[in-house]
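Since the structure comes first, as structure tokens, the remarks are kept for the end.
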Amino acid sequence: MGRPPPLLPLCASVSLLGGLTFGYELAVISGALLPLQLEFGLSCLEQEFLVGSLLLGALLASLVGGFLIDRYGRKQAILGSNLVLLAGSLSLGLAGSLAWLVLGRSAAGFAISLSSMACCIYMSELAGPRQRGVMVSLYEAGITVGILLSYALNYALATVPRGWRHMFGWAAAPALLQSLSLLILPAGTDDAAAHRDLIPLQGGEATELGLGRPRYSFLDLFRERDNMRGRTTVGLGLVLFQQLTGQPNVLSYASTIFHSVGFHGGSSAVLASVGLGAVKVAATLTAMGLVDRAGRRALLLAGCALMALSVSGIGLVSFAVPMDSGPSCLAMPNATRPFNLPGESDLPTGFSSHPLSTTSKNQEEPVLPTPEKTKRHSRAGSPTAPPVSVLSTASPAPPSPAPERALLHWTALVCMMVFVSAFSFGFGPVTWLVLSEIYPEEIRGRAFAFCSSFNWAANLFISLSFLDLIGTIGLSWTFLLYGLTAVLGLGFIYLFVPETKGQSLAEIDQQFQRRRFPPSFGHRQSTSGVRYSRIKVSAAS
């Protein structure tokens, strides 16, 4: 008999490759959009529609994906989403019109949204208490690595004729590798064979197989039964505060802040995308190392507190040093330059390219632009309109600032770095980890998808309201409002979010049913209410 496959590395590869696919699909549009605009002559509205089509597909997946995950299983949902992604990549790679591009992007959005939900749930169920945090957080790390990989490939393919077709096509590679890893892993935890496969991950113990498992309807999410209403409050609160702290919009000013401290022209775009990407990778890796030691609550509280301080700091600095962010969508790109790094102003500039903005599954998606608002604010001469990522590379460098203003610029830069880091080790990975833990298995897919749909909708609301908000109260007060929201999120986390570190999913379910989650920072609660049985595996099995 051969040795069984190493399940832990396979689980890690499934999580990492799933996140890599997600991040790559989200960011690849930033490099492909300019050549698409030049080849197809896309207007501002058509560009918006192309970028937004991925979001529409993701929203659709969040509405129906939960039923697919619970009906057909986590593994089958991931494999199915990879097939949809392959079809979408084929449509994008062979596209000859805007309709095929939109169809392909919509399919890709549906696929990555469904896969993200199924993958987080699948990892949380396969891994034991000691590995669950790392396994689910690997997905978040994969997202950031995927974004950086897309930037590298976009740059490498910039001068290749019709290189945008290759940019879209390469998204299929990690999806195929993930599918190969999935074929070896068990389908789930519903049968004895699956439990035998999971013993190496769960330390030799598995929960006792119950014959009379409860059944839940979707409406049970809002009822008192088994404290489902309390669980939904925790889930919705986390995803809403994740977005209402303004993370996508704050990052739209990243390149402006880099520019203000002396990095002019294209260098500000490089630093804003690659530099902040490296910061996010480092912070996410830190979260992976701490999430099963310090606990979920500790990371959420620390991250939210630092976000409140840092975004408020940016708001206070912008009182003294107003930050302009560049031209509108009406400014045509410089056709003589074949490629710009993500975020450069030579992109069709109605877009906030937001190379690192977060949506679902800490999902980092270019925010939908609004040309009508852009034109209105531009005519009004507002110093804060519109929130395009970077300043024009053609503009002359401003004169050297006074020492006091230079200090304020560097303070804003430090605050931006702290903000990105705090999100990446707090809300970014931990929100989705907690969501994958708090619901019973029978309704986990639908509950996760329901919360995910609110995440996408909140991101869309925050993004589309940004220009109106800064036009009404100003950029500084907008950032301070985000800081206040982060303070409210801090209170919500302290009062309502339980510590789930070191507990099995069955233990967490029992604790929720008994409403015995003291606001601790990771002390292990009583496990007396959970029964276990050791499964013996014969040598011949």
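Positions of Cβ are set from backbone N, Cα and C atoms, glycine also.
Over in TrEMBL, the protein carries these features:
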| type | residues | note |
| --- | --- | --- |
| COMPBIAS | 350-361 | compositional bias 'Polar residues' |
| DOMAIN | 11-501 | domain 'Major facilitator superfamily (MFS) profile' |
| REGION | 350-397 | region 'Disordered' |
| TRANSMEM | 49-69 | transmembrane segment |
| TRANSMEM | 81-101 | transmembrane segment |
| TRANSMEM | 107-124 | transmembrane segment |
| TRANSMEM | 136-156 | transmembrane segment |
| TRANSMEM | 298-321 | transmembrane segment |
| TRANSMEM | 407-435 | transmembrane segment |
| TRANSMEM | 447-467 | transmembrane segment |
| TRANSMEM | 479-497 | transmembrane segment |
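Using the rule of three or more Cβ pairs under 8 Å, pairs at least 6 apart in sequence, the transmembrane segment (107-124) is in contact with the transmembrane segment (447-467). Long-range contacts of the transmembrane segment (136-156) within the same chain: residues 12, 15-28, 30-32, 116, 119-120, 123-124, 127, 166-167, 170, 174, 273-274, 277-278, 280-281, 284-285, 287-288, 291, 339, 341-342, 355-356, 361-364, 424, 428-430, 432-433, 436, each at least 6 residues beyond the stretch ends and with a Cβ under 8 Å from a Cβ of the stretch.
Among the stretches 81-101, 298-321, 407-435, 479-497, the one making the largest number of Cβ pairs under 8 Å with the transmembrane segment (447-467) is 407-435. Confidence annotation: the domain 'Major facilitator superfamily (MFS) profile' (11-501) carries a mean pLDDT of 78 in the model.
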